[in-house]
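Per Swiss-Prot, the features are as follows:
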type	residues	note
ACT_SITE	Y50	active site, proton donor
SITE	K79	site 'Lowers pKa of active site Tyr'
BINDING	H112	substrate binding site
BINDING	166-167, 215-224, 271-281	NAD(+) binding site
Amino acid sequence: MTTPSTKLNSGYDMPLVGFGLWKVNNETCADQIYHAIKAGYRLFDGACDYGNEVEAGKGVARAIQEGIVKREDLFIVSKLWNSFHDGDRVEPICRKQLADWGLDYFDLFIVHFPIALKYVDPAVRYPPGWLSENNKLEFSNASIQETWTAMESLVDKKLARSIGVSNFSAQLLMDLLRYARIRPATLQIEHHPYLTQERLVTYAQKEGIAVTAYSSFGPLSFVELDLKDAHETPKLFDHDVIKGIAQKHGKTPAQVLLRWATQRNIAVIPKSNDPTRLAQNLDVTGWDLETSEIEVISSLNRNLRFNDPLAPSRLDPIPDD
């Protein structure tokens, strides 16, 4: 099973459904990627910060070696971490990440957060996380413009076919578009019925910037991180509105949540290690929700953001070995 694509402003096609690598276990990552490719997934969304790019690359290499896919059939995404925003750090870390994946280019390389942190040498700690080599939260003076200029050079050097941003506000996008020589192809944001960000989505799409949703299942992604809000918020899978719509269409709650996004041309990047769920998550484009159903799902919005980049737990000192 394959899924439709959306045309990026860079001219490339990006699948509307992909496989996200956040929190994918290193021990199982290669096998998960391999089996996802066999199931029909073509977009894989990784990042330096996830710490599993070497293993992900092994899964890709196995699938290519066995003739299941060719490199050009895949759409591989990775992200620039906060510690590498200085202009002279962008290309070296991109090349390292490409080497980890075993690739010559990324289909899409994204600025992970609009937050520039002090450089951490990969030889000292990789992924670097949020703290400096001094075990503190320390910022770099790199501006987004400096970082973006370096990102554009990745396209010039054919290290990335498209470049994009993540966790940007509309205001930051407006600023970026004033000076960008190469416009961001995508905006990746937390997007689920408890955090719809409708005005941001509308603005990005109006500017020709494709939107990708992460954490499509809302609090579920964050319960294991022991976030208070995630524990206290009703699970979307159990919500009467979602369950009722799922029953009506003969789909699972997960499929309804994903279709709520893809029907509005928003890409999604769920993950699963279960073959049945892998197939179900791909089956979110060939059927439609009614307009009234999309509206009632959107009405669940609470402006509730779970991915807080400055949450206290992320800023705890790293314990000594």
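Cβ atoms are placed via backbone N, Cα and C, with glycine included.
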| For the recorded positions listed here (K79, H112, K271, R277), which one has the lowest count of neighbouring CB atoms within 10 Å of its own CB? | R277
| task | Mind giving me a neighbour count for P219 (NAD(+) binding site)? Other Cβ atoms within 10 Å of its Cβ, every protein chain shown. | result | 21
| query | Any idea what DSSP makes of K79 (site 'Lowers pKa of active site Tyr'), helix, strand or coil? | reply | strand
| field | Between Y50 (active site, proton donor) and D274 (NAD(+) binding site): CA-CA distance (Å) | value | 21
| query | Cβ distance under 8 Å to S216 (NAD(+) binding site), same chain, sequence separation 6 or more: which residues? | reply | H191, H192, L257, L258, A261, V268, I269, P270
| request: Give me the Cα-Cα distance between Q280 (NAD(+) binding site) and H112 (substrate binding site), rounded to a whole Å. | output: 28
| query | Least buried of the binding-site residues S166, Q280, going by other Cβ atoms within 10 Å? | reply | Q280
| remark: Rounded Cα distance, in Å, between H112 (substrate binding site) and K271 (NAD(+) binding site) is 19
| Quick one: Cα separation, S166 (NAD(+) binding site) versus K79 (site 'Lowers pKa of active site Tyr'), in Å? | 9
| field | Neighbour count (Cβ, 10 Å) for D274 (NAD(+) binding site) | value | 9
| Which of the three DSSP states, helix, strand or coil, fits S166 (NAD(+) binding site)? | strand
| Roughly how many Å separate the Cα of Y50 (active site, proton donor) from that of K79 (site 'Lowers pKa of active site Tyr'), to the nearest whole number? | 10
